[in-house]
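What follows is one structure encoded as structure tokens, with my remarks underneath.
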Amino acid sequence: MAWWKAWIEQEGVTVKSSSHFNPDPDAETLYKAMKGIGTNEQAIIDVLTKRSNAQRQQIAKSFKAQFGKDLTETLKSELSGKFERLIVALMYLPYRYEAKELHDAMKGLGTKEGVIIEILASRTKNQLQEIMKAYEEDYGSSLEEDIQADTSGYLERILVCLLQGSRDDVSSFVDPGLALQDAQDLYAAGEKIRGTDEMKFITILCTRSATHLLRVFEEYEKIANKSIEDSINSETHGSLEEAMLTVVKCTRNLHSYFAERLYYAMKGAGTRDGTLIRNIVSRSEIDLNLIKCHFKKMYGKTLSSMIMEDTSGDYKNALLSLVGSDP
């Protein structure tokens, strides 16, 4: 499923609003779970992973009204490690959370380019505008300017182009002539010459609609006798290659892209907990059920079975609760 269609899939949601919801008893349950010595982590999981983000915001309001304390700050002081990171992520408004992830990817030494690429290549124009707004409100600076200050060269250019959200044309109209021209231009910019005209790749990948690009990829394969992915692999490298391939993957199938992100977050030694938390939290109210189906098809095992092998304790239980039953 092309990336922009995936945003309107209702059956994809794993975390739904709780029916007969009342924030006051939930706030009280959380207060009791954290009062005195020790913390009842399971009670926290039962409340926060089984409510929608909008309901969690109401619980936080009720918590402050009843007990005069900020819920997120109280959770931070009572919890620790990866479990704390996951639970606190659930408390952010969605666009604020993604703005925070982008800010964290750029602050301090080194830049986590992978996080920036993932968010910018997989969100729609409307979502990117909301993320930019939240970023400016929370950090007092422009997301675009911070990306420009933190990256360079063609990577900086492709990220700034993606941030403009120009791929967001949901019309299914494709001009076959233009698609063929784009495919020929890509071939001329890469396989046909020594060296690569990176800007041509960036412009076409960042400004054409998903339906148009799918046709371009088809035409390209006929001309070059290889897939656009193979050409990007041989023509570029490093973070620019990752950014271009991510645009292609999100264009071809957004759910498969996120399934792959989750798989490689857990595959091999160690777990990339940041990637695991961000993708489960941010997709849980959008399309995580559909991502789970693709995960099983692609890797022959379920997402929850891999989480069980790879994580432990309250962190594992909270992740499993968000992911829900197997497809």
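Here the Cβ of each residue, glycine as well, is placed from N, Cα and C on the backbone.
Because TrEMBL annotations are produced automatically, they should be read as predictions rather than curated entries.
Per TrEMBL, Ca(2+) binding site is recorded for MET266, GLY268, GLY270, ASP310.
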Can you name the residues of this chain that are 6 or more positions from GLY268 (Ca(2+) binding site) yet have a C-beta less than 8 Å from its C-beta? none
Specify the count of other C-beta atoms within 10 Å of the C-beta of ASP310 (Ca(2+) binding site). 16
Cβ within 8 angstroms of the Cβ centroid of MET266, GLY268, GLY270, ASP310: which residues besides those meet this for the Ca(2+) site? ALA265, LYS267, ALA269, THR271, ARG272
Least Cβ-crowded entry, counting other Cβ within 10 Å, from the binding-site residues listed as MET266, GLY270: GLY270
